[in-house]
Each structure stands twice: as structure tokens, then as C-alpha cells.
Amino acid sequence: MANSNSSDAAVPMTSQPHSAEIIENPLRTYLLGIIISICGNVLISISLNIQKYAHVRQSQRGSKPYYTSVMWWCGVALMGVGELGNFAAYGFAPASLIAPLGCVSVIASAIISVVFLKETLRASDIVGGTLAITGTYVLVNFAPHTTTHITAHLVQYYAISWHFLLYLLLEVLLFCILLYLYKRRNVKHIVIVILLVALLASLTVISVKAVSGMITESIKGQLQLIYPIFYVMLVVMIASCAFQIKFLNQAMKMFDATEVVPINFVFFTASAIVAGIVFYQEFEGLALLNIFMFLLGCLLSFLGVFLIARNRPKIKQQDPNFITMDKIPGSSHTDKVQPEAKTYGSLAAKLMCNRAGQTDDS
């Protein structure tokens, strides 16, 4: 279904330096942005699982920190490639359209856990995947299908608007409160950590779209790299991405990937949509039906994500240094002479598994 503003022709407004030229993206451009975003999210999902596996392996060895593992750095590199794909996708479509496609990473994570981690495929996985795909289809069709030429003057105008300044003030205050609880009060809750990631992601979305848009305009012939706002947004993009990866990596270390991925998807999507609405005014002129159906599509995707992650069993880890009593060399008479030893051995095994689980959760 087309948007209410999709029939508008290209309307250049150049009488003022901060005016925007509204353009309509052709279908080919939208498909390119969607395909790039889907590929990027699949790579991100793979990278998160690789990093989690590196954490598990290093915790079992207990010798070197995780950042000395080659596998962990491979996961980081894959995440960089995936984020680069998302960066390119923002140059072809609105942020409110690209961000919800992150549900692809959740579906891919569920597939990876079933195929490679040998987890059971549940009915909730099938239902959740169906809901997530349906929600993605709905929000893609009812998302705003118009965007603007992102120029340096337009970014400057958006950056000093009163609604964005108010939004930025509230975001900074909330980030400081959450950081205080996380660092000073030692509140290690997954919602707090992922909220820190989401608040940083909001700035990342704004800066990524600004940098990507100005680079696109420069390639087209209207040089935007000579304006200071381009480098301001570039610094914001790099800094927010770095701290976002830091907090997300801490969350992956403390919690299971099947918990981090869906919650991060919901919070990131919400923050990206709000950032697109507040900063880039992407919902301006959008019909109420389109807004309602877009939000319904997001809700279906959220519900599908949580169904996929609901009650997913965690990978049980056993201490590789533990040897049961009946496996000790030279103790073949254990079954006859020392039946209590096997009992104590099984109890010790349970205690060691519980201890390993507590260590992994901490």
C-alpha cells in the first residue's frame, strides 16, 4: 500500500539554506537498501554467536582474557562488516525502515542455535519466526517511502531544532542515571546494559544517516565534506559505535546470546525509530493508517522475537578438568568395592556443573 505522500513529486525547496529537497526513492533503491540491511544483520548475528563462543571457551580455559582470542576478534570483524552494511543501507532508505529489519538477526541467531548448537526446534520458534517475517513485511510496506537529500545545512538545521535539543537532554540525563546504576551501584541487569546500548544507538543512527547522506551527496557532485558538521557527525558516529560495542560485548559476556539479541533488537529498533522521527522528521505528512500499520508491524516483529527467545535452554557447560570416579585408571573394581565413591563422584559432578554455571553468569 502506498503512503499518502508517495504521490508527491520531487519538490525542491532551495530558497533557504536549511530547506530540504524531498525525493521519492524508486523501488530498486528500496530493494537494494533492504537486501544490504538483511545481509548485514545476518553477519551481525553470526558475529555475536562467535563472540559468545569465544567467551565460553576462554572461561573454560581460565588463562587468558577473551580479547586475546583470535576467534573473538573474528567476531568483532564480522560485526564491523555487518554494521558497514547497515551503514550503507541507511543511505538508500529511511532509518525507520532499516532499523526494524534487525529481526533478521534474531531469526538467524535461532537458526544458528538449532543447526550448530544442536538445540531443539520448538513450535514457538516457528510461530515467532512467522510473526517476525509478517511484521517485517507489514512495516516495510507502510513505512515512509520518501526521504530527503541530506546536506550539511539541513543537518545543522535539524541539530539545533528545539525538539531535538530537548530529546538530547533527556537522553543524556537517562544515560547518566543508568551509567551510575551500572558502574557505581553495580546493578548488573540486562535491561540496564541494553538500555545503555540503545541510547548510544540512537545517536549512532542519527550520525550514520547524516554521514552516509552527505557522502552520497558529495558523490553526486554536491560536495559536503568541506563543512564542519560532517566531521562532527563522523566523530559522534565513531565514538557512539565504540561505546555501543563495548557495552554490548559486556552484555554478551554476562548474559546468554538468546537473551541479549532479542532485547537489543527491541530497544535498538525503538530508539532508531524515535531518532528518525525526532531528528529527520520521517513521519511528517504520513497518514494515520500508515503510522498505525507501521507500529503494528513493529509489534508483530517484537512479539515474534520474544517468542523465539522465550524459555530457550542455555548451553550446559561441564568442567573439562573433571574426571568421574569410574573413569579413573586402575579403579575397575570401583563398582564392587566403593559404591559410595560413584555417588560422591556424581554429586561432585553436579556441584562442579553448578559452579561452572554460576561462574558463567557472573
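Glycine too: its Cβ is placed from the backbone N, Cα and C atoms.
As recorded in TrEMBL, the features of this protein are as follows:
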type	residues	note
TRANSMEM	30-50	transmembrane segment
TRANSMEM	70-92	transmembrane segment
TRANSMEM	98-117	transmembrane segment
TRANSMEM	126-144	transmembrane segment
TRANSMEM	164-182	transmembrane segment
TRANSMEM	189-208	transmembrane segment
TRANSMEM	228-248	transmembrane segment
TRANSMEM	260-280	transmembrane segment
TRANSMEM	286-309	transmembrane segment
Ranked first among 30-50, 98-117, 260-280 for CB pairs under 8 angstroms with the transmembrane segment (126-144):
98-117
Could you pull out which residues elsewhere in the chain have a CB under 8 Å from any CB of the transmembrane segment (70-92), counting only those six or more residues past its ends?
25, 29-30, 32-34, 36-37, 39-44, 46-51, 53-55, 57-58, 98, 101, 205, 208-209, 211-213, 215-216, 241, 245
What stretch of 30-50, 98-117, 164-182, 286-309 shows the most Cβ pairs under 8 Å to the transmembrane segment (260-280)?
98-117
Given the transmembrane segment (286-309), which of the listed stretches 30-50, 98-117, 189-208 has the most Cβ pairs that are under 8 Å apart from it?
98-117
